[in-house]
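Annotation source TrEMBL lists transmembrane segment at B:20-42, B:49-69, B:143-164, B:176-198, B:218-243, B:255-275, B:295-314, B:321-340, B:346-366, B:387-411, B:431-452, B:473-493 (among others). Look at TrEMBL and you will find B:139-426 tagged as domain 'NADH:quinone oxidoreductase/Mrp antiporter transmembrane'.
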Amino acid sequence: MIPLAHFMLVSAILFCIGLYAVLAKKNAIMILIGIEFMLNAAILNFVAFSKHDKIALGGQVFALFAIVLAAATVAVTLAIILNVYKYYRTIDPTKIDQLRD
Amino acid sequence: MNEFLPHISQLIQSTLKGFSFLLQELVLVLTFILVILADLISHAKRSAWAYRICIAGIFLSTGVGFIQNSDIARVTLFDNSLILDSTSIAFKYIFSAVTILFAIFIRFHKPLQNHRKGVGDLYMLLPAVLIGLNLMSMASSLLMIYLSVEMVSIASYLMVGYASADKRQTEAAMKYALFGSICSAVMLYGMSLLYGFTGTLNIIDPVFLNRLDLISDPAVALAIVLVLVGIGFKLSFVPLHFWSPDVYEGAPTPVTAFLSTAPKIAGFAILIRFLEPFLLPAQSYKLPDLFDFRAVLSVVAIVTMILGNFSAIWQNNVKRMLAYSSIGHTGFALMALIAFEGSGFSSLIIYFIIYAIMNMAAFMLVDKVADHTGSTDIRTYKGLGKVLKVEFVCFVIVLVALTGLPPTAGFIAKLFVFSSAFEYYAASDSIWALGLLITGAVATVISLFYYLKIPLYAYLKNSEAAVAVHVKRDFLTVVIVFLTFLLILYGLFPGLLS
């Protein structure tokens, strides 16, 4: 039996990796991968915690919904990134800066 | 598995019972399917059938909602994951009205109509996003909050990126989608922590608060701040505001008008639901000393008002200026939320009704003017006041309302917010409330400077180019005049709103 603290530790590490990718990467797709890391950290938490919620199983249901929604978001975002590439010939968010003060 | 068996029948019964209260949303689901079919089958010009079915479906759902909700005080549906009370019903009416205005706006927005993709798919998104908004106003479990926020977000990304007619639009869409998904991922992590601490997803359950009380304060504060990041993205308060000027400038004007009203108001609906248990004085739960919602939100509101209004002064693009002004308005609405005791809620809802009217009207006018001049730069408004007479008279009234001066409804909205904040200050003597009142007053004075820039250019400066403008008016002008009329009507007779 793996204790709950281990799951939380793994998910915290996953979340931090994701956050690092989001803040440091200069490629829109890598940022998207970072977002996936963060989502999966949360999903791992949900599944692990739902051990203590046997009746409603809220955590596992939440994990299923989160996976589906993550897929939908990624599909939309990838389409948008593809469009950006068509106009700018790059997907580096720091170089795409026509809109600013 | 065996522990689960005795609960099944009860769960199924509560689910079946819940559907009878969701007629409004079921009508919207049907509308969504019909709009897709209509757009596939009929090849009418400008997707006329999709437009008609969309509008009719939203009207029908509002009517169904009106009949169904007339005698409801407060019900909880689907094992307490949705809650239907007077607040959520009021929010639903606002969302329906904004979505209908949005549909009309798309219909008369030339760049979108002339786009080679057509606008059929955009009409399809409207019922879908309205379902999301309605669910946001009713959500009372973490799962529903996340689901409804994502529903609205994904539809909004699509709307912003839909036309992608030029570089700036795709850029706005990418910034919006990336920043939005980061915020919702952070929010999801916060929710997973809250679920871990309490073992329930239901935020109105007393168990939720009681168990939260047992956890150490820093941990609870961290989880709540993470959830507030996701909600704050929808509200665009400082420090989560920097996407909004870019997106508002880049997106097509109807989409900007929609994004700056409905999702923002829905974000407040969720914030109200999320904070209600913490702010209600009757709760047995004692707030952790470390995380004082009122203090944190007061600081956020003060900074939001200052930053929004000061940044707006330097803008030359009208859409960008209105974006900053809507950030400033978020600060005001937060002020009403903080002064929640007593009259806080009703003043907040009145504020949102008026805010929705003013904002939709303002963006419609921006679009109307851009239709004639092809530009959203304030400096191109020179001398237009003498050519586009009706439009600019309405524009001035709407801007006076946005500033919050009598005799418009904007004054009533600000008056309610200020008086409820003052009540709170008188009752609690809190330093934050005083800070909010002072900042609010200063921000209102500052807003006068940038709002009046538009009439300054339109009436007091002359230009030869303006005379050559050929005046075109359509149904949208009628809608604008109607909205402006409403602003004056509610300003003179505020009793009509309650």
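Just so you know, glycine gets a Cβ as well, placed from its N, Cα and C.
On a predicted model such as this, the values are computed, not experimentally measured, just so you know.
Listed as Cβ neighbours of the transmembrane segment (B:346-366) (distance under 8 Å, sequence separation of 6 or more from its ends, same chain) are residues 87, 90-91, 94, 97-98, 101-102, 105, 253-254, 256-257, 260-262, 265, 268, 272, 318-319, 322, 326, 329, 332-333, 336-337, 339, 376, 391, 394-395, 398-399, 401-402, 409-410, 412-413, 416-417, 419-420, 476, 479-480, 483-484, 486-487, 490, 497-498. Same-chain residues lying 6 or more positions outside the transmembrane segment (B:473-493) and placing a CB less than 8 Å from one of its CB atoms are 101, 104-105, 107-108, 354, 357-358, 360-361, 364-365, 367-368, 390-391, 394, 397-398, 401, 406-412.
With a cut-off of 8 Å on Cβ pairs spaced 6 or more residues apart, the transmembrane segment (B:143-164) and the transmembrane segment (B:321-340) reach fewer than 3 such pairs and are scored as not touching. Here the transmembrane segment (B:255-275) has long-range neighbours at 83, 87-88, 91, 94-95, 98-99, 101-102, 105, 129, 132-133, 136-137, 139-140, 145, 148-149, 152-153, 156, 159-160, 162, 203-204, 227, 231-232, 234-236, 244, 247-249, 293, 319, 322-323, 326, 330, 333, 337, 340, 345, 348, 352, 355-356, 359-360, 362-364, 367, meaning same-chain residues at least 6 beyond its ends whose C-beta is under 8 angstroms from one of its own. Contact check: the transmembrane segment (B:49-69) against the transmembrane segment (B:176-198) gives fewer than three Cβ pairs closer than 8 Å, residues 6 or more apart, which falls short of the contact criterion. Counting C-beta pairs under 8 angstroms (sequence separation of 6 or more), the transmembrane segment (B:321-340) fails to reach the transmembrane segment (B:176-198), with fewer than 3 such pairs.
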